Amino acid sequence: MTEYASSLLRLLSERGYIHQMTDADALDALAAKQVIPGYIGFDPTAPSLHVGSMVQIMLLRRLQQAGHKPIVLMGGGTGKIGDPSFKDEARKLMTNDVIAANVASIKTVFERFLTFGDGPTDAVMVDNADWLDRLEYIPFLREVGQHFSVNRMLSFDSVKQRLDREQSLSFLEFNYMILQAYDFRELSQRHACRLQMGGSDQWGNIVNGIELTRRMDGVEVFGVTTPLLTTADGSKMGKTAAGAVWLNEDALPAWDFWQYWRNTDDRDVGKFLRLFTDLPLDEIARLEALEGSEINAAKVVLANEVTRLVRGEEAAKAAEATAAATFAGGGLGQDLPTLSVGESEIGIVDALVGLGFAASRGEAKRLVAGGGARVDGEPVTDEGFRILVNDKEIRVSSGKKKHGILRKA
C-alpha cells in the first residue's frame, strides 16, 4: 500500500475508497499542508438517495474527519438533463417542481453524516441551478465551449459505449459532461474548491472539469474516484428483489434497512465495515476474521452501526430488538411489516403480496411452489392454502430472512 503524507489519503486508502486519482503526489502534498474544500454532486432523480450513494456520502464524511471541507452539490440544474454516463437510454425528463421537491427531500439525509456551519471545515450545501439556470447560451459557447474537443468527448467510455451499441445519445445528454465540468470551475471560483470526488463512472466528467478549470483560470485542481461497488455475488449496491434500499426514513422502514445490512454476504462484511462505519480498523479486522456462525455477530454490528448513522440510535435499537424477538425468541418484533386482514381468512398468495414479499401473485405462487413460504414457522407448499386470522398475530415468512405479521383488522 502506498504511504501518504496526508491524513486524508491515508484514511481513504486504508478504508478502500480510492480507485483513481489525478496527480496523487501533488494532491497528497496539498492535503498535508492546508484545508482542501472538496465536493461530490448528487442529482435529484428521486425523493431519496439509496444505499448505492452511501460510498459517496461517506467519502464526504471522511473528508471532514480528516480536517477538510465537504461541499455537497445538489444537481438542481444538471438534474434537468440527467447524467447519461453508462446508461443504455436517456433518463425521463422531470419537471422543475419534481426536481425541487426531490432536492428538498434529499437534503435532510446529509445532516446525519456531516457537520454544517460557517467554520473552515464545516460542510456547505449548494445547488448548481443557482448558476446553470442563469447561463446565456452564446456567451457560454464562446467562453466554455471552445475548451472542449468533440473528438475527445466521443472517446470517453461513457459516450463510446452508447454509440458502439447504436443507442441514441441526444444533444441534451451530450451537454451533461460540459455542465458538470463547468460546476467544478464554478465551485473553484466560489468556494476555492480544489477536489472533486465521485464513482469510477464519473472519471471522464471529473477530468473534463479539471482541464476546464486549468485552461480558464490556471488553477490546479484534483480528482478522486471510488471503485465500482458490488456485492460478492456481483449485484449492484442498494438494490434488492423488493426494490431500492432507500436512505430516507419515509421511503423505507428502519427494520427493512437494518435487515438489508444484516443479510450481507459473509465475504462483504469486512469491506462494508470499513466503508460504511466509523469502527476502528483493528476492531473491523477482528470482526472480519470471525468464521462460521460467528460471522453473524459481525453482521449485527454492521447493521447496527449503519442504521445508527443513517436513521439514529433509537431506530437501530428497535430494529435489533425486533430481530432478537423474531429470530431468537420465536416472538414477533414490533417493527416487522404488518398486514391488517378484514376477513376471517386470507390466502397465502395474497398474504405474501400484501406484506411486500412478492411483487405479483405469479411471483408469490412461485415462492410457494419453491418451498419459500412459511406460516408460523411451518412450510406451506399449496398455493391455495388459507390462513385463519383471529385475535392472535400470525407470522408469515419468505425464506429464512423475511418475516411479516398478519393481524385482524
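Just so you know, glycine gets a Cβ as well, placed from its N, Cα and C.
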**OP:** From the ranges 44-53, 74-83, 84-93, 264-273, pick the one that Swiss-Prot records as motif ''HIGH' region'.
**Re:** 44-53
**OP:** Check each of the ranges 211-215, 236-240, 341-345, 376-380 against Swiss-Prot and return the one annotated as motif ''KMSKS' region'.
**Re:** 236-240
**OP:** With H, G and I counted as helix, E and B as strand and the rest as coil, say where DSSP puts Tyr176 (L-tyrosine binding site).
**Re:** helix
Subject >> Within the motif ''HIGH' region' (44-53), residues counted as helix, strand or coil by DSSP >> reply: 3 helix, 1 strand, 6 coil
Subject >> Recorded L-tyrosine site residues Tyr39, Tyr176, Gln180, farthest C-alpha pair in Å >> reply: 17
**OP:** Go through Tyr39, Tyr176, the listed binding-site residues, and name the one with the sparsest Cβ surroundings, counting other Cβ atoms within 10 Å.
**Re:** Tyr176
Subject >> For the domain 'S4 RNA-binding' (346-409), the number of residues DSSP places in helix, strand and coil >> reply: 16 helix, 23 strand, 25 coil
